[in-house]
């Protein structure tokens, strides 16, 4: 996090490549403004390389802004009335079926 507007995937790749082979670099875009959202994902081939990159790049400066580096968390999905859930949508399929049948009564 904390990416300056000028930072591209190529710049982010170049900043992190010293720590080891990189699988992928992604900077999510805001579809309305066509600008990136201020954060990106760097996926390393080795976990140890990712840990070293985080140790060295967290609070480092890139294009005048301080970077925040951490492990990405799995995406949460909306879990109906329970709010956000880490469970897959089909985990509540039986409960959903019961609720539908109950509503029909």
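Heads up, the Cβ atoms here are built off N, Cα and C, so glycines get one too.
Some features that TrEMBL has for this protein:
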- 1-74: domain 'RRM' (DOMAIN)
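In terms of DSSP secondary structure, the domain 'RRM' (1-74) contains 22 helix, 15 strand, 37 coil. Mean predicted confidence for the domain 'RRM' (1-74): the pLDDT average there is 93.
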